[in-house]
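K.L.:
What follows is a single structure, and I will ask about it in a moment.
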Amino acid sequence: MKVSLIGAGNIGGTLAYLIASKKLASEVELIDVNGDLARGKALDVSQTLPLIGYTMKINGSANMERIKGSSVIIITAGIPRKPGMTREELIDVNAVVMKEVGEKIKKFAPKAFVIVVTNPLDVMVWVLYKAAEISPDKIVGMAGVLDASRMNLFLAQELGVSVADVKSLVLGSHGDSMVPLFRHSTVSGMSLPELVSVGLITKDKVDSIIERTRSGGAEIVALLKTGSAYYTPAASVLEMAEAYLLDQKKTLVCSVMMRGRYGVEDDIFSGIPVIMGSGGVERVIELDLTPDERRMFENSVAATRKLVLEARKYF
């Protein structure tokens, strides 16, 4: 199986290594406008193969035509955030990149399963979907998998438990209006409301963890100063790609086409739980949201809708 990575920056390079280390594909194409950067990272990852004990092809190029025959295409290309920037401030620059990439996918790999990572995430998935004209169930954005991982860590640290025992659920946009679901998040099977009721954690502490989850990316951007997070985004995308390539039928929160789902009637993308397998988005899980949860989710979708209006000028 062939996986193409569009963008050879920190996330793209990390993904190339993770795919090789997990022996997930027989061929990886690492593509970047800076061909030497792509070739250099491809060569570096290739030299780990004897240590991994796995034979595969890892190529670096600036030529988008090399995405032909890809089973999965992962897009990380674009400008990352700098300290003080919001994801939304990247729209004008990254929408142009997404449109160009989408047109190439339409021409060279229209049957590939596409995962978008570029921010502002939900808007960029929409731009690429419009440009590539592919099935809505064959394109997703990396959203809730990353956000839930951050929330899982913060809860585990606060409670002093294994991260493996914590399961969080974060819906909505991959941005400040994301919706971490308090009552659907669990620790060893106990919901957060139950943990609060028995005094293992306070509601105020849970609220502070939710806020830290919302600003988790910005916290890292402020510390790095020259870029944004890449290890956890890469690991999150890998989980999504595995679910597709290995037909795992795995429940993941991804940014998907919302039309006809959760009461949304237009072509907006947002994060909801889906079953991911070899058919792409094979099924949507419609959660029974409380009035407050639904209001927050609708506000999140509305925030994305407003940004999509800005991106429509490119079509």
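Any Cβ shown, glycine's included, is placed from N, Cα and C.
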K.L.:
Same NAD(+) site as Gly7, Ala8, Gly9, Asn10, Ile11, Gly12, Asn94, Val117, Thr118, Asn119 according to Swiss-Prot: which of Asp32, Asp36?
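P.N.:
Among Asp32, Asp36, only Asp32 appears alongside Gly7, Ala8, Gly9, Asn10, Ile11, Gly12, Asn94, Val117, Thr118, Asn119 as NAD(+)-binding in Swiss-Prot.
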K.L.:
Which one, from the recorded positions Arg150, His174, has the smallest tally of other C-beta atoms lying within 10 Å of its C-beta?
P.N.:
Arg150
K.L.:
Give the three-state DSSP assignment (helix, strand or coil) for Arg150 (substrate binding site).
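P.N.:
Where Arg150 (substrate binding site) sits, the three-state DSSP reduction gives helix.
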K.L.:
Expressed to the nearest Å, what is the distance separating Ile11 (NAD(+) binding site) and His174 (active site, proton acceptor) at their Cα atoms?
P.N.:
17
K.L.:
Near Asn119 (NAD(+) binding site), how many other Cβ atoms are within 10 Å of its Cβ?
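P.N.:
The answer is 27 other Cβ atoms.
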K.L.:
Within 10 Å of the Cβ of Gly9 (NAD(+) binding site), how many other Cβ atoms can be counted across all chains shown?
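P.N.:
Taking all protein chains shown, Gly9 (NAD(+) binding site) has 21 Cβ neighbours within 10 Å.
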K.L.:
For Ile11 (NAD(+) binding site), what is the secondary structure state per DSSP, taken as helix, strand or coil?
P.N.:
helix
